[in-house]
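To keep things clear, I will list the structure first and then write my remarks on it.
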């Protein structure tokens, strides 16, 4: 990092942390007690603070990574600073843990952008800093910086694991992946993603060698169009059926294989992936979740995905491949028809934005969910088009992980989209400075509206005296 870039990064990180501290103070003043899922997380962490490690709330569905780390940070800090009494492991103190995670995420996002795009000399240090700041302010993640939820810590350990993977420190990456798993079990998918990065790199090298041998310039290892896919899949099958190649890949990815094996042991012993309240977290094949994710991504990445150039290219692709798009349309309609699920929480809890999205859009008419298919197809095409700089094997690996982390979820919950979105956003090319600033301004606006609603537009339910607040 050059000196000017280092100063710029330090200034941006300090400014973001100061802003976060001011917002943290505002949230803590208005909402002093636990809110929403905090009513489960806070008492559990406080029980651990008092040494009651065998106590467990059966409503909690994640492993105790957040609570163990909180005790590991708060207890030594309290001892060093001489804190005693209720301030130790108070709601505010526990929430502050996520403020520290947010600062760590800023640094990790910057390092990942630097590593992933290091070959692109046209990208300036200012653009890297601006992009890292923008992703730190990503509204769905940023909001939970100020509550005691698992999301900031889950993102921190997953991004850290990804960074170590990119630098070839696979044992460290797997260890950090285990920490991420302890925050949220579905993070095991991103351990598979890290292993997939290694495999995709070896496959791409072998694919280029294969092309050079055959001198077949018609097949590109970089684009992955419809005509290329069958050749790529055939090569993939042949490569993975070779015992020599399998031994090589196993030698490279054994730390991840051990962690994934431990995950399957956990699922077998636990009787499922969820700990605690399983009745509200049943797995199912909810394929429209992929469509919701693509829509979510278009909304938050519209400077990248929703441009006149993209629309023109999509219409041209549509004209060139009518049969393929017709087939995709039919499959999409079928998946929506047979695999749409509506979770009871989505219909009952009017504090979440998803409640209003579902009621104002999808519940207007039975046909709405089908009429959105053309938009889903455009969103999917535009999404894939921004990843064309990656190898076809990386794209296939990412999409497998994307399906694994979204489709089994019955509940439409924007928090589940945070990590797949960030991984995607880190790997697409940089925009012009104007579009980067537009993206940041949009995130700031969404955050401002979100915090205004949360802090000021409170309401009450008829059967409860508690103050209710709008949130993601």
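The backbone N, Cα and C atoms fix where each Cβ goes, glycine too.
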Query - Stated TrEMBL location of transmembrane segment, expressed as one of 254-275, 408-429 - result: 254-275
**Report entry** Of 60-81, 192-213, the range TrEMBL labels transmembrane segment
**Finding:** 60-81
Report task. Identify the transmembrane segment range according to TrEMBL, selecting from 228-245, 390-407. Result -> 390-407
Query - Contact check, the transmembrane segment (390-407) vs the transmembrane segment (287-305), 3+ Cβ pairs under 8 Å, seq sep 6+ - result: yes
Requested in this report: Would you confirm whether the transmembrane segment (254-275) and the transmembrane segment (60-81) meet the contact rule of 3 or more C-beta pairs below 8 angstroms, pairs 6 or more apart in sequence?
Outcome: yes
**Report entry** Leading contact stretch, 126-149, 155-183, 367-384, 440-459 vs the transmembrane segment (93-114) - CB distance under 8 Å
**Finding:** 126-149
Query - For the transmembrane segment (367-384), distant same-chain residues with Cβ under 8 A (at least six beyond the ends) - result: 288, 291, 294-295, 297-298, 305-306, 310-311, 314, 317, 325, 328-329, 332-333, 336-337, 340, 361, 395, 424
**Report entry** Distant-in-sequence neighbours of the transmembrane segment (60-81), which means Cβ under 8 A and at least six residues beyond its ends
**Finding:** 40-41, 44-45, 48-49, 87-89, 93-94, 97, 100, 148, 150, 153, 179-185, 274-278, 281
Requested in this report: For the transmembrane segment (325-346), could you work out the same-chain residues 6 or more beyond its ends whose Cβ comes under 8 Å from its Cβ atoms?
Outcome: 280, 284-288, 291, 317-318, 352, 354-355, 358, 369-370, 373-374, 376-377, 410-412
